[in-house]
Amino acid sequence: MIKMDPDLSLTQKILPDDPDKKPQAKQLQTRADYLIKLLNKDLARKEAQRLAGADEIVSLKHPHKKIKAEKENEEKPEPDIGIKKEAEEKRETKEKENKRDLKREKKEKEDKKELKEKDIKEKRENKVKESTQKEKEVKEEKVNDIKSESKEKTKKIPLMDTPVHITATSEPVPISEEAEELDQKTFSVCKERMRPVKAALKQLDRPEKGLSEREQLEHTRQCLIKIGDHITECLKEYTNPEQIKQWRKNLWIFVSKFTEFDARKLHKLYKHAIKKRQESQQHNDQNISSNVNTHVIRNP
């Protein structure tokens, strides 16, 4: 191989290992084509000179032969023209291939760049779309929440079919008939109604320390009477028997949250305490009446 021949010293001058350095195969081919072209020209020149010298000699000796040779030369194509033309065609073909390769590489780079830019643009647009969609969904949720709240506030409750209580904000609160648990609005109304006996509610299930069992029972009974009397006072503002019944139940359910007994048990204990209080009151009244009569008899 020419490159590895030590006599030529071309190891570092042609086909370097670094593909970016020249000359590579394409450049060597171009140079070889050019050298062949020069050689063909020189060969054609020498051949022309040789033929011209021969023609002069023939013309001196045989003039008629010169004419015949000229005609034969005109009819016969020069052999070096074919070689020259073939080398020229190869060079042009090689240049065209090189140009095509360069165009193809350039087009591939442009296509990759365009594809990358398109991908980046699509990702950016997708992010913007997702952000816009999220904002739209959040706005729709807020609007739906506002609409729902508005519907709940403006929803009319039939007064003849369902007992209601008008709160301080003039909003009708539906009264539950069967549930032992109070809804939030009813609970808030009960809380406001029972605020005056808040201390009694707290002491209902937590009597003072140091009391005997009998004293604790009496303390609980007094708290229960105080609470029950307040409930009775609250119910006086209603005239509808169904409303009175329902709100008595709601208020006693509220009271049951402060003790281990349910609403029915507390109401029953309250009625028993009231009965006992009435009996005690009657007994006291009788004693007072008896004492007055005795005093009158002794001092007529």
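Glycine too: its Cβ is placed from the backbone N, Cα and C atoms.
It should be emphasised that the depicted structure is a prediction, and the values quoted were computed from it without experimental measurement.
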From 1-28, 169-196, the residue range that TrEMBL assigns the feature region 'Disordered': 1-28
Overall pLDDT of the domain 'Chromodomain-helicase-DNA-binding protein 1-like C-terminal' (170-273), taken as the mean: 84
